[in-house]
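Here is what TrEMBL records for this protein:
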DOMAIN    A:119-201  domain 'S1 motif'
REPEAT    A:300-333  repeat 'TPR'
REPEAT    A:334-367  repeat 'TPR'
REGION    A:457-776  region 'Disordered'
COMPBIAS  A:468-490  compositional bias 'Low complexity'
COMPBIAS  A:491-515  compositional bias 'Basic residues'
COMPBIAS  A:516-532  compositional bias 'Basic and acidic residues'
COMPBIAS  A:533-543  compositional bias 'Acidic residues'
COMPBIAS  A:626-667  compositional bias 'Basic and acidic residues'
COMPBIAS  A:699-752  compositional bias 'Basic and acidic residues'
């Protein structure tokens, strides 16, 4: 028994109830447990006995129900969302009752101070604004509590701290004017001094009201009950009843269900004070649904029996009708399903039979007949499939049959047979496949290669023409293309292949390829030479990484350099993060930043020129090159990103294999032309792939790598290469760091130069290379070696 | 009116034996009004229980009870099988209140009510006869009531009153006190007797709320007028007391009847 509740009741009703309770509840141990306790309370309060002995009798008799803790079903679900559902008022929102009751001013005021709590919502009008806040004359309450408070002359202070500021420099109070309606949360109530402080901070609302927006309220959005109470107060003919009937919500056909839920009373297990209707007396099997289920299955069984009878006498149509009837009555009736399945199987509809048996086993997994029949039918079906040469499916069916009944000799035998056949055929097929593949790869590659070269050539020509006529900036791009095409024409198979891929696929895949190739190379034993090569390779890679911000060279725009570099990196990051919708804005921002870029590139150019090989041509147009290049490369990137998703994997895969094949060659070449400069030329294609479509980005591998790996992981869906790669990337990052440190120590200029150079290399690179291309290959190699040597020494040719 | 009234008892007689057998005790009794009231109480209890087992909401059950009471207001208790009428009332109430209940379920639940823990009915003649009687009886009820089958119930009022009264009470005191449950239970229990059609819905709603508040000793603020006066202008203290005393009688009856 709820002692507290009982005590309260006794205090109200007085001694007479207590005596009756003692009479009526003598057998209730719960009551006996609390009786002595209650005794005191009753006499203390000396309740005056509110009369009606019948009511007291009733309370006494039903006390065990009334004060039972489980009687209260409503969970304390705080003042729900209600309100603000104005248009679709689901029930009649009534003005506060005390308005009609004409409760005295003092009592109402006392009640409000008693019941108002922190986090409640009040609505009021601003009557005074001071520098420390404003004062609100309260009009009504909102949220859960509904009270008539308009004439109570309640004033509440909203301190300036409690007003969320919209702009940092503005005085928040300037948004509010005298006369504004404000919805605010109660921050504090001083019940003794009768002071209320309020807040406009959302956080000060109680959690159940959090969704209600605080602040200025247009007149139309004042609470409904307030509007109605104003009307009721003005017109005495507006009684509670009238208002109730005039409300839309009152006529809502489902108002009872809605409100029951609101007050928390269950209508499916309704409460009752009648002893015989206590919900604990209702048993689950007496409910309609339970009986119906039972009945249906028994009716269905009857039909099945009739059907089986028909079946035995060969009246298949009648049998089928009975089975179907049974299933109409009781869908998923196991017996009916099994019987119908058997009939189907008999009539040759094996698939239908299997479906039926499966359904039956679903609801009754241990049904012996169902298992047996399904097993047989599966074998049957398997044989059919075997005839149709669908061996694998058939094998699956046999296996399933065996899983149902592992001793079924038929299934066992069939399975043995079919596995043999399958293995044989697999072997045959493999051989055939291997042959085919060999043929396919060889033919395809050469044909495609040719096509590629032709295409490349064509494009190059076009571009050149265009660049000649247009601004120097466009010439960059053409040069880029021409350079790449020239590199492709330089009889280097590998780069050609890669290039073609580059056009189609996104940078991510390229990097994959690059890495995998690297890996394979690595795995080919580590002789001294190899290791050196590897180191070299690593260095190469490192070279593409962003120049650390503090590695300043003696370049012309030395001051700007590092800063720009940093900024570039940021930009890149932004670019990476942002999706394609934002492309345009980025374009703007990037083109705005093109000045930096320009200086960057010019610096690079200068350096290049200083180098041994024909940098003279290159420096042309370098000033204005970058913006154009940037945007172009981005376009490309976007496109390739779109496309690449699909192609990516495939590309990578076949490129992997090709890579491996061309590996030998690569290595040799690498050894021979190990100078940095030639690396560039070679790498111009390779690296640009590796770094992705945008040559400009090479500086920012680091930032990109992060994004890349995550991105790729997301669409490649956990391919193991990715994981591997991610780890690798981390490695590489580490190396970059290392390299950076080293370069700080003295080689910084070179590194940056290299970085800068490489940054461009993929796309803009190598106008000089074209020149180089004209030279014989071994000469080139020699040049490269020289350059490499110089680099090693850290001496820069002036 | 002659047709159905003469035909229907016949169908029930030769139809469901369990139903006929059940009513024999009431049938051969003398025309004792007290007995009638008890029968009524039992049948209403039957409707209530059936309603719960059928998953009906409170309002359709209330409608079924009102249909039943109104029907026997017009016809002699002895002329018809009350349980069959009750089943039809449940069926009809389901239609009226848009919560359709299937005859089969009604029959099943009723069958089990009288033959507890028995197997469900077979799908045979008895079942179909019973089903026919229920449907026939439904038509009879409709005609007897002149197709006035939708009633205003106190439920709506009670719920609105509950919300209004709740606002007057301190929220913590309210959440401790199961006034809503109690008043809802009281309201449902009202339908055990004819009182549900003797009193105005608003009065019933106010009285049940009053009794619930009173039972827990919830004190309401007092103004110029009492809270219940405001809810319905024409209600008097006497009205409320009348409803309450009728209701309390029903609780006494339970001890006597069941």
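Cβ atoms are placed via backbone N, Cα and C, with glycine included.
The helix, strand and coil residue counts that DSSP assigns across the repeat 'TPR' (A:300-333) are 27 helix, 0 strand, 7 coil. Note on the domain 'S1 motif' (A:119-201): DSSP counts are 10 helix, 41 strand, 32 coil.
For the repeat 'TPR' (A:334-367), the DSSP counts in helix, strand and coil order read 27 helix, 0 strand, 7 coil. Within the model, the repeat 'TPR' (A:300-333) carries an average pLDDT of 88.
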